[in-house]
Amino acid sequence: MVKRTISIALSFVGLIVGAGFASGQEIQQYFVSYGTWGILGAILAAVIMAATGYTVLQLGSYYMADEHNEVLSGSLPTWVSKFLDLAIIATLFCIGFVMFAGAGENLKQQLGWPVWAGSVIMLVLVLAAGMLDVDKVSAVIGGITPFIIVFVVAASIYSFVDRSDSWGHLSEVASSIPNSFPNFALSSLNYVGLSLILSVSMAIVIGGSHLYPREAGWGGFFGGLTFGILLTISAVALLCSTATVKDDALPMLSLVNNINGGLGWVMAVVIYGMIFNTAIGMFYSLGRRLSSKRPEKFRIIFIGVTLAGFVLSFLGFKSLIATVYPALGYLGVFLIIVLLIAWFRGHSRIEDEAERRDRISELVERRDNPKKRFTSKQRRQLRHLVRASNIENAELREAVRKELDEESDDDSHDASSDGNTSGNEGTSAQGESSSSETGTNGDTSDGKSTDSSGGRSGSVPASTSD
C-alpha cells in the first residue's frame with residue numbers, strides 16, 4: 001500500500017507542478033507579489049491542496065474513471081456537471097498551449113534559441129508520449145518529479161542563507177510585481193482553484209487507474225501536501241531573491257543560474273521536463289475526454305488538439321499566465337466547492353466500496369492459491385460482494401486481476417532479492433506463476449474447482465448468480 005501511495009503522490013505532484021510553478025512565474029505573481037503575507041498564503045494553499053487532492057483522487061478511484069466526466073456526471077447535478085465539463089475541456093486546451101509557450105521561453109532564456117524551437121521540441125515529445133497508455137504516462141509524470149523537488153529545495157536553502165536584505169525591504173521590492181487580486185488570501189484561494197482545474201482531469205484518470213480508494217485518496221493527500229510544501233519553500237526563496245529575479249520570465253531558473261551556471265543548465269532541463277509533465281497531462285486528458293464516445297479515435301483527436309495548441313502558443317508565456325490563469329482559478333474554486341460537497345455526501349458509500357474491494361481482493365487471492373482453502377460460503381460471499389459493487393463486473397474483474405498480478409510480481413521480486421530460492425519454494429512459485437499466466441485453476445483437495453470465468457488468476461466471478 002505504501003509503495004502505491006507514494007507512486008500516486010509523486011504522479012499528482014508531477015501533474016500540478018507545471019511550467020508556471022517550476023519556472024517560478026506563477027509563484028511570483030500569486031504569492032511573492034504580496035511580500036511576507038504571500039508566504040502565509042502559500043501555507044494556506046498547502047492545506048487546501050492536500051484536502052482537495054484526497055477528495056479528487058478518491059472519487060476517481062471510486063468510479064474507476066477513464067475520464068473526468070464519469071466522476072462529474074456520477075456525483076453532481078446534470079447542469080453542474082455539464083458546465084464543469086465544458087470548463088475543464090476549455091482549461092485543458094488553454095493550459096496546454098501555455099505549456100508550449102513556456103517550453104519556448106525556457107530554451108530562449110537559457111540557450112538564446114528562438115521561442116518556436118523550444119515549442120517544436122515540446123510538440124514532438126508530447127505527441128510521442130500520447131501514444132502510450134495511462135499507466136506509462138503516469139510513470140513518466142511521476143519519474144521526473146523528484147528532480148524538481150531537489151532543485152527547488154537546494155535553491156531555496158541557498159537563497160535564504162544568502163539573503164542580505166530585511167524582510168520589510170524585500171516585501172517593499174516585491175510589491176512592484178503586478179498581481180491580479182486585492183489580497184493574499186483571495187490570491188491563494190484562486191491559485192488552488194487554478195491548480196485543481198488544471199490537474200483534475202488527469203488526476204481523476206490517475207485515481208481511476210487504482211482499484212483501492214483509500215490508497216488513491218492518501219496518495220492525493222500526500223501529493224497535495226508535498227506540492228504545498230514545495231510551493232511555500234519556493235515562495236520564500238523567490239522573495240529572498242526578488243530584487244534580482246522579479247523581472248525575468250523564469251525567475252526560478254534565474255535564481256539557480258545565479259548560484260551556479262552549470263546547475264542552471266541542469267535546472268533548465270528539469271523545468272523543461274516539468275513543462276512536459278503538464279503538457280502531456282493536459283492534452284492526453286483532453287483527447288480522452290473528446291474521444292470518450294469513440295475511443296478508437298483517441299489518437300487522431302489527440303494529435304489534432306495538440307497541433308492546434310501549438311499554433312496558439314505563440315501568444316506569449318508571461319502574458320498568458322497573467323490573463324488566462326486568474327479566470328480559470330475562479331472556475332477551479334467553484335469546482336473545489338462542488339466536489340467537496342459531493343465527496344461529503346457520498347463518503348459512506350465510498351468507504352463501503354473500499355471495504356468491499358479489499359475483501360474481494362482477499363477472497364480472489366485465497367481462491368487462486370492452491371495452498372489455501374476456499375469454501376462454498378466464501379464463493380457465495382465473493383459473488384455477493386461483486387453484485388454490490390458500483391463497478392461493472394467485467395471492469396472489476398480486470399482491475400482485481402491487474403492489482404493481484406502486480407502484487408505477485410512485487411512479492412516475486414522481493415523474494416528474489418532476499419535470495420529465497422529453495423527448491424520447493426521455487427517449484428511452488430513457478431506453478432503459481434503458470435496458473436496466473438494460463439488463467440486456469442485445477443481442482444484441489446478442498447473441493448475448489450475452476451471458476452466459470454475460466455479461473456483466470458485475479459479474476460472475480462463472471463456471473464453474479466449463485
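Our numbering is plain: 1 for the first residue shown, then up by one each step along the chain.
Using N, Cα and C of the backbone, Cβ positions are placed for all residues, glycine too.
Look at TrEMBL and you will find 34-57 (among others) tagged as transmembrane segment. Remote same-chain partners of the transmembrane segment (34-57), defined as residues 6 or more beyond its termini with a Cβ less than 8 Å from a stretch Cβ, comprise 8, 12, 16, 27, 167, 170-172, 174-175, 179, 183-185, 187-189, 191-192, 195-196, 200, 203-204, 206-207, 216-225, 227-229, 231-232, 235-236, 239, 336, 339-340, 343.
Beyond the transmembrane segment (83-101), the same-chain residues lying 6 or more positions past its ends with a Cβ under 8 Å from any Cβ of the stretch are 18-20, 68-69, 72-73, 76, 115, 119, 122-123, 197-198, 200-201, 275-276, 278-279, 282-283, 285-286, 289-290, 305-306, 308-317, 320-321, 324, 328, 331, 334-335, 338. Annotated transmembrane segment per TrEMBL: 83-101 (among others), in sequence order.
What TrEMBL records for 113-132 (among others) is transmembrane segment.
According to TrEMBL, the transmembrane segment annotation covers 139-161 (among others).
The transmembrane segment annotation in TrEMBL covers 181-206 (among others).
Annotated transmembrane segment per TrEMBL: 218-245 (among others), in sequence order.
For 265-286 (among others), the entry in TrEMBL reads transmembrane segment.
What TrEMBL records for 298-317 (among others) is transmembrane segment. Long-range Cβ contacts of the transmembrane segment (298-317) within its own chain (Cβ-Cβ under 8 Å, at least 6 residues beyond either end) map to 19, 25, 93, 96-102, 104-105, 115-116, 119-120, 123, 126-127, 130-131, 249, 283-284, 286-288, 290-291.
Look at TrEMBL and you will find 323-344 (among others) tagged as transmembrane segment.
Here TrEMBL flags 402-466 as region 'Disordered'.
Summarising the annotation, TrEMBL assigns compositional bias 'Low complexity' to 425-444.
For the transmembrane segment (265-286), the neighbouring stretch richest in Cβ pairs under 8 Å, chosen from 113-132, 181-206, 323-344, is 113-132. The stretch in 113-132, 218-245, 323-344 that contributes the largest number of Cβ pairs under 8 Å to the transmembrane segment (181-206) is 323-344.
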